[in-house]
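*Asks:* Sharing a structure with you now.
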């Protein structure tokens, strides 16, 4: 699926450019975006090193276990295949809390660690496990309490009420998260059903 | 407003303080543990690079050729019949694919219509309530080496659709049109 999307984006782009006369733009974009990707990855090094280092201390100090205990009842239901005492649960929760407070920088490293732990739970298979897909669904619908970036943009353009959208954002994000989890379950049962056939 | 700003500036340093103090109390060799974790971080960033680069180049080709605009124009009538305001269509289409593009579109809409207009509020809500599915998929699965993604992409994109519809309904209800 991701292979198809990848080729689709590039191939339609190039073919479109043939008729649209934008081949020069495409040429520039290829190398500029490759540059951007390297810059982005290098930029990620700083946050990844810092937060994964910090999280390692938190893990050794038992803070992650404490966090998982607090939210165990809810997340046990969302991630039935992750043992509640496993470090994966701690990372899932740290990622979730970081997203909640709009700390995207901190959320990504914790999310990657969570994925890593879930991969271990799945015998290091290169196939996405059920919990990984659920985790992804949770992240793409991103539960946010304070959309900091958006508020900043609104303030920049002299909004009278920059935080007016906080309420609507929370409601919309809650609906999309619940929806995402339902869809995730639906697809899971469909997989089981197919395997049984 | 000032409370929110204060919270967001205080929260990260406070988390760091908490982690460091807890580590020291529990007799964790803090600095060495930090360095060890940091090494993992470097590795992750490096292994992430090819995944990010491949995806970003592909998206850049799609965008710069004008195909993305064409795609939006093509989808606009369909989405409009579903009740999506015409001005918001580009954002709805771009949001799951490219985070930077979506942010650019949101900024543009806010500039064009004013942050407190209906479209401005709707764009803000839409931008804040979902995340870039393709980016998350690339980064999270790329960093840990997941090749078979299963239903992840479908689930993610459908979740975006729900988020977009939810934003429109909630904003229409709260801000009126």
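Glycine too: its Cβ is placed from the backbone N, Cα and C atoms.
Please treat TrEMBL annotations as automatic predictions, because they have not gone through curation.
Feature table excerpt (TrEMBL):
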- A:42-152: domain 'Nucleoside transporter/FeoB GTPase Gate' (DOMAIN)
- A:6-26: transmembrane segment (TRANSMEM)
- A:38-58: transmembrane segment (TRANSMEM)
- A:88-112: transmembrane segment (TRANSMEM)
- A:133-153: transmembrane segment (TRANSMEM)
- A:165-188: transmembrane segment (TRANSMEM)
*Asks:* Which whole-number mean pLDDT does the model give the domain 'Nucleoside transporter/FeoB GTPase Gate' (A:42-152)?
*Replies:* 85
*Asks:* Give the nonlocal contacts of the transmembrane segment (A:88-112) in its own chain as ranges (CB under 8 Å, at least six residues past its ends).
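*Replies:* Non-local partners: 44, 47-48, 51-52, 55, 58-59, 64-65, 67-68, 70-72, 75, 79, 82, 118, 120-121, 131, 135, 138-139, 142-149.
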